[in-house]
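Asks: I grabbed these lines from Swiss-Prot:
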type	residues	note
TOPO_DOM	1-10	topological domain 'Cytoplasmic'
TRANSMEM	11-31	transmembrane segment
TRANSMEM	58-78	transmembrane segment
TRANSMEM	86-106	transmembrane segment
TRANSMEM	115-135	transmembrane segment
TRANSMEM	148-168	transmembrane segment
TRANSMEM	177-197	transmembrane segment
TRANSMEM	257-277	transmembrane segment
TRANSMEM	291-311	transmembrane segment
TRANSMEM	322-342	transmembrane segment
TRANSMEM	349-369	transmembrane segment
TRANSMEM	385-405	transmembrane segment
TRANSMEM	415-435	transmembrane segment
TOPO_DOM	436-473	topological domain 'Cytoplasmic'
C-alpha cells in the first residue's frame with residue numbers, strides 16, 4: 001500500500017526516475033528495431049546459402065516486422081494487466097531464444113518460424129510497453145524524451161551494421177546470429193529498469209480503493225460464492241466498463257484517420273531498409289561501403305530523433321507537432337522517389353543522410369502524436385493498436401518489392417511505390433487537418449427576422465441601418 005501511494009502522481013514527473021526509463025527504452029529500441037534493421041545485412045547470405053530468389057528471402061524480414069507489430073497488442077495487454085517489467089523480461093527471453101535457434105537453420109521455412117515468428121513475438125512484448133512507459137513519466141519534455149529513447153534505433157544501426165558485417169565475415173551468418181542472440185538477452189536487464197508509475201488520470205478508471213479490497217481477501221482473484229449475484233454482476237460490469245474505457249479511443253475520428261495513414265506509412269518505410277544494401281551491391285558498391293550506408297542512415301536517424309524531438313517541444317512548435325510529423329513523412333517519401341537514379345556510393349551517401357534524418361524525425365513523433373490524440377491513460381493500448389496496424393504492410397511490402405525486382409529486373413518500381421505510399425500518407429493527414437480546421441471555424445448565429453425591425457436613415461450619400469428588437473419597443 002505504501003509503495004502504491006508513493007508511485008501515485010498527479011502528473012508525469014518530467015524527470016527523476018523517468019530518465020532511467022528513457023535509458024531503458026533506448027536500449028530496448030537498440031535490441032529490437034536496430035537488430036531488425038540489421039537482419040537485412042543477412043539478406044545476401046541467406047539468398048546465396050539457400051539458393052532462393054529475392055521475394056522468398058524477403059519474407060524473413062517481413063515476418064520479423066509483422067510479428068513484432070501484429071503481436072503489439074499482446075505486449076500492451078501484458079503491460080496493462082501484469083507489469084511492463086514482466087512483459088519486457090519475457091520478451092527478451094523469447095527474442096534471444098529465437099535468434100539462437102536461427103543459427104541452426106537448415107531452410108528458409110525454419111528461419112520463418114524462429115527468426116521471424118519467435119523473435120518477432122519477443123520484440124513485440126518489449127517494444128510497445130517500453131515506449132508507453134516514457135509517455136507516463138514525461139509531459140512537458142515528452143518529445144525530447146521520446147527523441148532520445150527512439151534514437152536507440154539509429155545508434156544501434158550505426159554500431160551494429162558494420163559489426164554484424166564483420167561477424168558474418170569472421171564467424172559466418174550462423175555465428176553472427178548466435179552472438180546477436182546473446183546481445184538481445186540484455187532486454188531482460190532493460191525490463192528491470194521499468195519501475196511502474198500510477199498517474200491520477202489512470203487511477204480514475206479504477207474507483208475501488210486498495211483498503212476496500214484488502215478488507216475482504218479472495219483466493220485466486222475470484223469472488224466468494226457467498227457473494228450476492230448483484231455483487232458479482234457489478235464486478236462483471238466494472239470489468240467490461242474498464243475494457244471499453246481502455247479502447248474508447250478507437251471511435252475518435254482523429255485516431256481513425258491516423259490509423260489509416262499508418263497503413264500507407266508502414267508499407268512505404270520498410271522496403272528502403274530491406275533493399276538499400278542489395279541495391280547498393282547491385283550498382284557496384286562494395287560490401288563494406290554498402291554496410292556503411294546503413295551506418296550513416298543510422299547515425300543521422302539519431303540526429304533526426306533528438307533534434308526534431310527538441311524542436312517540437314519548444315513553445316512555438318509544440319501545438320504544431322501534427323504538421324511537423326506529416327511534413328517529415330512526406331519528405332521521407334520524396335527521398336525514395338530519387339533513389340533509383342542514385343547509382344554511385346557518393347550519391348547514395350546523401351540519400352542515407354536525408355532519408356535517415358526524416359525517418360528519425362517522424363518515428364520520434366509517432367508516440368507523441370498518438371498520445372496527443374488519445375491521452376496518456378490510453379497510450380499503451382493505443383500504441384498496441386498503432387503497431388498492430390503496421391503488421392500487414394510490414395509483412396507484404398518487402399515481398400511485393402522483391403517480386404517487382406524479380407519481374408522488372410531493377411529496383412525502380414519498388415522504390416517508387418514505396419515513396420508514393422509515404423507521400424499519400426502525408427497528403428491524407430494534411431487533408432484531415434484542413435477539414436478539421438474548417439469544421440472548427442465559428443459559424444454566424446442567425447437572428448430570427450420576426451423579432452427584428454430595421455430602420456434606415458440616409459442623407460443622400462451614406463445610408464445607416466439600425467436593428468431594433470420589436471419585443472423591447
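For all residues, glycine too, the Cβ spot is worked out from N, Cα and C.
Can you tell me where each of these features sits in the structure?
Replies: Panel annotation: around the transmembrane segment (58-78), residues 32, 36, 39-40, 42-43, 46, 86-87, 90-91, 108, 111-112, 115-117, 119-121, 123-129, 132, 266, 270, 274, 380-381, 383-392, 394-399, 401-402 of the same chain, lying at least six beyond its termini, place a Cβ under 8 Å from a Cβ of the stretch.
Remote same-chain residues near the transmembrane segment (177-197) are listed as 7, 9, 13, 17, 20-21, 23-25, 27-28, 31-32, 35, 38, 42, 83-89, 91-93, 95-100, 102-103, 115, 119, 122, 126, 129-130, 133, 136-137, 164, 167, 171 (criterion: CB distance under 8 Å, separation of at least six residues from the stretch ends).
Listed by sequence, the residues of this chain that lie at least six past the ends of the transmembrane segment (257-277) yet keep a Cβ under 8 A from its Cβ atoms are 37, 40-41, 43-44, 58, 61-62, 65, 69, 290-291, 293-294, 297, 329, 332-333, 336, 339, 348, 352, 355, 359, 362, 369-370, 373, 385-386, 389-390, 392-394, 396-398, 401-402, 405, 411, 414-415, 417-422, 424-425, 428-429, 432.
Counting residues 6+ beyond its ends, the transmembrane segment (291-311) has Cβ neighbours under 8 Å at 34, 37-38, 40-41, 143-148, 150-151, 153-159, 161-162, 164-165, 276-277, 280, 285, 317, 324, 328, 345, 348-349, 352-353, 355-365, 368 in the same chain.
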Asks: Give residue numbers and ranges for long-range contacts of the transmembrane segment (385-405): same chain, 6 or more residues beyond its ends, CB-CB under 8 A.
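Replies: Residues 53-59, 61-63, 65-70, 72-73, 124, 127-128, 247, 250, 258-259, 262-268, 270-271, 274-275, 366, 370, 411, 413-414, 417-418 contact the transmembrane segment (385-405) from elsewhere in the chain.
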Asks: What parts of the chain pack near the transmembrane segment (415-435), using Cβ distances under 8 Å and only residues at least 6 beyond its ends?
Replies: 254, 257-258, 260-262, 264-265, 267-272, 275, 279, 322-323, 325-327, 329-330, 332-337, 339-340, 397, 400-401, 404
Asks: When you scan the chain for residues with a C-beta under 8 Å from the transmembrane segment (148-168), skipping those not six or more beyond its ends, what do you find?
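Replies: Sequence-distant neighbours of the transmembrane segment (148-168): 22, 25-31, 33-35, 37-38, 41-42, 45, 130-131, 134, 175-176, 179-180, 287-288, 291-292, 294-306, 309, 356, 360, 363-364, 367.
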Asks: Mean pLDDT for the topological domain 'Cytoplasmic' (436-473), rounded to an integer?
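Replies: Mean per-residue confidence for the topological domain 'Cytoplasmic' (436-473): 53 out of 100.
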